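For 41-64, 76-101, 121-141, 162-185, 205-238, 259-282, 302-323, the entry in TrEMBL reads transmembrane segment. The domain 'G-protein coupled receptors family 1 profile' annotation in TrEMBL covers 53-320.
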Amino acid sequence: MGWGDMEPPNGSTAGQSDTCFGAFNASDSRTSAQTSITSPWFSTAFGLIGLCSNLFALCVLLSSSRKLSSQARSSFLVFLCGLVVTDFMGLLVTASVIIPYHFIKFAWAEVDPGCHLCNFLGFSMVFFGQCPLLLGATMAGERFFGINHPFSRSTSISKRRAWSIVGLVWGFSCLLGLLPVLGLGRYTLQYPSSWCFLTLLPDTGNVIFCMLFALLGIFSVLLSFIFNTVSVVTLCRVYHDRESVQRRRDSEVEMMVQLVGIMIIATICWMPLLIFIIQTVLQQLPASGRIQMLPTETQKMLLIYIRMVTWNQILDPWVYILFRRAVLQRIYPSLRPRPSIISLYPMFNPSLRRKLTTD
């Protein structure tokens, strides 16, 4: 995602409101592209930075997972790995369409008269956009139950089960992205003719799909906020409780710091776009059936918000890279490994202590 600020194509199919080329006036994009806020080369450079960052974070994750004996930490790393893979593939897939366009400058209407490429790009934008938000909520929920109800789970989440949950998130996001292909809403070429996304026009199908996409994203962010807030409060209570100071586990603090960082980045990068989508479709509802083209200012604002979303994929991997214990202990040498929660319960028999320690 985030490659939607390249130069416009050479086509002139803006009047085809019944296809993927009718969301804006393509003939005006040629002149406006010259005054674009961000040049194509600048955006391409940031895309490459995002790819390298996610690839580096993935290597660090794989290296860390081999050294872990904690099952809870291992499952958390699986979710993090799924998030990094999603961000990396999102940048890679969209770049594979946009960068060739930038150098070839093909006419969309000639190369893609059936809108298959546009649908693929729009699907990619929705799929790789919704996945990180859902994965963030899933990770927050897993940590919420792990911190607040450590003894209520009969077994902790294994790596296989964690990957299954990641697969379910991918599958759900895939179904969401396929809705326009199945007839609910449609993907259209967006200003300035370099990327495809959901259509903010006030017909029934587009409104339903836009609202579904935006509300689901907002719900994921709010759910992450609630889960993470409760988990942080719980850890703070444990931290300041002298009688149970040994319940602190550095790995839990580390995971929560990373989760809070991911949540803050997602909130800052995504909420403006999601709120903008809802405001746009609701404001246009009274004019349903009469608007066939998005206003110029709406097109430009949508492009700006998409650029903000790009930062989510660039910054996510650095949350894990920078907020690891190995890095934090160099900044704060006072951080030392501490006993686990089981040290408070010496009456447990050895086998139960081993099981709970693993959980």
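Here the Cβ of each residue, glycine as well, is placed from N, Cα and C on the backbone.
Predicted automatically and left uncurated, TrEMBL annotations should be read as such.
Show me how these features fit into the shown structure, please.
Within the chain carrying the transmembrane segment (41-64), a Cβ under 8 angstroms from the stretch's Cβ atoms is held by residues 2-3, 5-6, 77, 80-81, 84-85, 87-88, 91-92, 95, 99, 102, 307, 310, 313-314, 316-318, 320-321, 324, all 6 or more beyond its ends.
Note on the transmembrane segment (121-141): residues 1, 20, 76, 79-80, 82-83, 86-87, 89-90, 93-94, 97, 165-166, 169-170, 172-174, 176-178, 180-181, 187-188, 195-198, 213, 216-217, 220-221, 223-224, 227-228, 231, 259, 262-263, 266, 270, 309, 312-313, 316 of its chain, located 6 or more positions outside it, place their CB under 8 angstroms from a CB of the stretch.
Listed as Cβ neighbours of the transmembrane segment (162-185) (distance under 8 Å, sequence separation of 6 or more from its ends, same chain) are residues 74-75, 78-79, 82, 86, 119, 122-124, 126-127, 130-131, 134-135, 138, 198-199, 205-206, 208-210, 212-213, 216.
Taking Cβ pairs closer than 8 Å, the transmembrane segment (259-282) reaches residues 83, 129, 132-133, 136, 139-140, 143, 198, 200, 202, 206-207, 210-211, 213-215, 217-218, 221, 224-225, 228, 231-232, 298, 301-302, 305-306, 308-312, 315-316, 319, 323 in its own chain, all 6 or more past its ends.
Cβ atoms under 8 Å from those of the transmembrane segment (302-323) belong to residues 1-5, 37-38, 43, 46-47, 49-50, 53-54, 56-58, 60-61, 80, 83-84, 87, 90-91, 128-129, 132, 190-192, 195, 197, 200, 254, 257-258, 261-262, 265-266, 268-270, 272-273, 276, 280, 294 of the same chain, restricted to positions at least 6 beyond its ends.
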Six or more residues out from either end of the transmembrane segment (76-101), which same-chain residues have a Cβ under 8 Å from its Cβ atoms?
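Residues 1-4, 6, 9, 44, 47, 50-51, 54-55, 57-58, 61-62, 64-65, 68, 117, 120-121, 124-125, 127-129, 131-132, 135-136, 138-139, 142-143, 159, 162-163, 165-166, 169-170, 194-195, 255, 258, 262, 312-313, 316-317, 320.
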Please give the average pLDDT for the domain 'G-protein coupled receptors family 1 profile' (53-320) in this predicted model.
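Mean pLDDT for the domain 'G-protein coupled receptors family 1 profile' (53-320): 83.
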